[in-house]
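Here is what TrEMBL records for this protein:
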type	residues	note
BINDING	13, 65, 75, 76, 169, 187, 188, 198, 199	substrate binding site
ACT_SITE	74	active site, proton donor
ACT_SITE	74	active site
ACT_SITE	197	active site, proton acceptor
Ligand SMILES: N[C@@H](CCC[C@H](N)C(=O)O)C(=O)O
């Protein structure tokens, strides 16, 4: 099979993007997805995304983690697919698309995408961490000395030890200013730290607001791959109008023959 692919990145969270409107990609071939995402034997990416036709929206997003498994919502991938849809000419400045967690509205301006995320009303607050689902499950934990913290070792321990087979993404956070936080994330399905996680920083912003550590409705999140902004409205503990904003960039396009 001959595959044309496009590579995108959003604050360093990188994706192989495939235009699957003609339904030619073998969607159940987990091994193929993992091979394409492999950084030594393939193209290399944190995930693979298919852009498909949808009856009720401009397009549909199908997301796979680098391990080949189809997964839940990817915020940075959602921003990147909007940029890809703009490149293909199927999205204008405003677009609506369907993902695994429902309909998303987005605004594309040059290489910046503002993506509406799911509402959040279940937030579990524990002594030293918060757990919530922003389209994907997230553990949010404050730490000291974020620069020297072993995200992979600690993330792995929590991901498998605490959350069992289904797992969770694990975010470590340190405040760095007024409504500004530094975030490092261990991603389930990549099974390593990634440079940024969109649903992760969304979870961090909401968790910090819920626990009184962020006071504003716009929170800035600095990840190793760059800066993202999350804004929301909150009423009686329910978070609505949640938006994730940041850069989404086309890196290159290529072709591969896969057996
Ligand atoms: N990188 C993503 C999160 C992708 C999903 C995650 N790895 C999972 O399986 O839960 C993002 O930007 O949100």
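Cβ atoms here come from the backbone N, Cα and C positions, even for glycine.
In TrEMBL, annotation is done automatically, which means it is predicted and not curated.
Location within the structure of each feature annotated in TrEMBL.
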residue : record                 : contacts (Cβ under 8 Å, 6+ apart)
13      : substrate binding site : 46, 47, 74, 76, 77, 194, 195, 196, 197, 198, 225
75      : substrate binding site : 115, 117, 134, 135, 197, 198, 199, 200, 201, 202, 244
169     : substrate binding site : 136, 137, 138, 139, 159, 185, 186, 187, 188, 197, 199, 200, 203
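Just so you know, of the active-site residues 74, 197, the Cβ with the fewest other Cβ atoms around it within 10 Å is the one at 74.
DSSP classifies residue 13 (substrate binding site) as strand under the three-state reduction.
DSSP assigns residue 169 (substrate binding site) to a strand segment in the three-state reduction.
Counting every protein chain shown, the number of other Cβ atoms lying within 10 Å of the Cβ of residue 188 (substrate binding site) is 24.
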